[in-house]
Amino acid sequence: MSAPVTRKRLTPKVIQAMKGECPIVSLTAYTTPVARLLDPHCDLLLVGDSLGMVLYGMESTLAVTLDMMIMHGQAVMRGTSHACVIVDMPFGSYQESKEQAFRNAARVMQETGCDGVKLEGGEEMAETVAFLVRRGIPVFGHVGLMPQQVNTVGGFRSLGRGDDEAGKIRRDAQAIAQAGAFAVVIEGTVEPLAREITALIDIPTVGIGASSACDGQVLVSDDMLGLFQDFTPRFVKRFAHLAPQVSQAAEAYAEEVRARRFPGPEHVFGAKPGA
């Protein structure tokens with residue numbers, strides 16, 4: 001019998017080297033069971049602060065805490081052995097100073113064992129990104145639409161149509177690449193600009209609502225699986241529709257319990273002989 005094939009966990013360096021070679025497959029993961037299911041199929045799993053909305057029912061990501069991200073990062077690491085695992089830095093955990101960013105990012109790395117952190121921001125965060133990278137913390141950048149800054153841009157909308165807006169996003173991506181990030185998310189950005197940035201910078205671009213022009217794609221798993229139903233962004237394709245199945249299963253369970261058909265004899269522990 002042949003020995004099972006053991007695959008090493010992908011590293012940020014491997015992800016970076018995928019630019020122009022093979023599209024990077026990425027999804028979000030927040031729990032151990034789901035991470036186990038996604039791990040064999042993904043190059044990168046993101047423990048996203050989107051968990052605040054899809055798991056906890058928050059209206060935005062702004063109330064997500066560092067402790068929450070660490071707890072879910074630990075859960076995802078327990079369920080993975082192949083994908084590169086990156087943990088989002090939540091709002092307020094890195095913007096104050098590069099020293100604050102390092103202190104909190106180091107805690108995330110130490111307490112979860114993840115492969116790197118993701119933070120939002122462009123030119124204004126480049127110094128922080130460089131500071132972290134020089135101290136051994138791989139950084140996944142995030143430009144374009146940045147959910148942690150949604151209140152300053154007037155809500156969730158696509159960006160990059162005007163020259164000024166496009167120029168800002170272009171400069172942001174260049175700054176993050178030059179600062180040493182191993183890859184960068186481009187979110188909610190028009191296709192021509194995403195294509196231009198992908199050709200312009202030497203690190204992979206991972207798109208979410210930025211077209212197939214990017215070097216890879218990421219989606220929120222609960223969107224992709226049809227579990228999160230509060231709203232559906234235009235860029236989401238539902239590859240499954242699990243919400244109705246969950247509801248139907250709960251309905252069937254409730255019906256059997258009320259009719260005393262569950263548990264049946266096959267689900268009951270019998271008394272020991274002679275008891």
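Think of each number as a place in line: the chain as shown, counted from 1.
Backbone N, Cα and C atoms are what each Cβ position is placed from, and that goes for glycine too.
Copied over from Swiss-Prot, here are the features:
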type     : residues                    : note
ACT_SITE : GLU187                      : active site, proton acceptor
BINDING  : ASP49, SER50, ASP88, LYS118 : 3-methyl-2-oxobutanoate binding site
BINDING  : ASP49, ASP88, GLU120        : Mg(2+) binding site
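Residues ASP49, SER50, ASP88, LYS118 are recorded as binding 3-methyl-2-oxobutanoate; their most distant pair of Cα atoms lies 12 Å apart. Note: the CA-CA distance between ASP88 (3-methyl-2-oxobutanoate binding site) and GLU120 (Mg(2+) binding site) rounds to 9 Å. Within 8 Å of the centroid of the Cβ atoms of ASP49, SER50, ASP88, LYS118, where the record puts 3-methyl-2-oxobutanoate, the same chain has further Cβ atoms from THR28, LEU46, VAL47, GLY48, LEU51, THR61, VAL64, MET69, VAL87, MET89, PRO90. Long-range Cβ proximity for ASP49 (3-methyl-2-oxobutanoate binding site), meaning a same-chain Cβ under 8 A and a gap of 6 or more residues, is found for THR61, VAL64, MET69, ASP88, PRO90, PHE91, PRO147, GLN148.
The local packing around SER50 (3-methyl-2-oxobutanoate binding site), expressed as other Cβ atoms within 10 Å of its Cβ over all shown chains, amounts to 22. A coil conformation is recorded for GLU120 (Mg(2+) binding site) in the three-state DSSP classification, outside any helix or strand. Of all Cβ atoms in the shown protein chains, 22 besides its own fall within 10 Å of the Cβ of LYS118 (3-methyl-2-oxobutanoate binding site).
Cβ crowding, taken as the number of other Cβ atoms within 10 Å, peaks at ASP88 among the binding-site residues ASP88, GLU120.
Under the DSSP three-state reduction, SER50 (3-methyl-2-oxobutanoate binding site) is assigned to coil, being neither helix nor strand. Residue pair GLU120 (Mg(2+) binding site) / GLU187 (active site, proton acceptor) shows a Cα separation of 11 Å.
All protein chains considered, the CB of the residue listed as 'active site, proton acceptor' has 23 other CB atoms within 10 Å.
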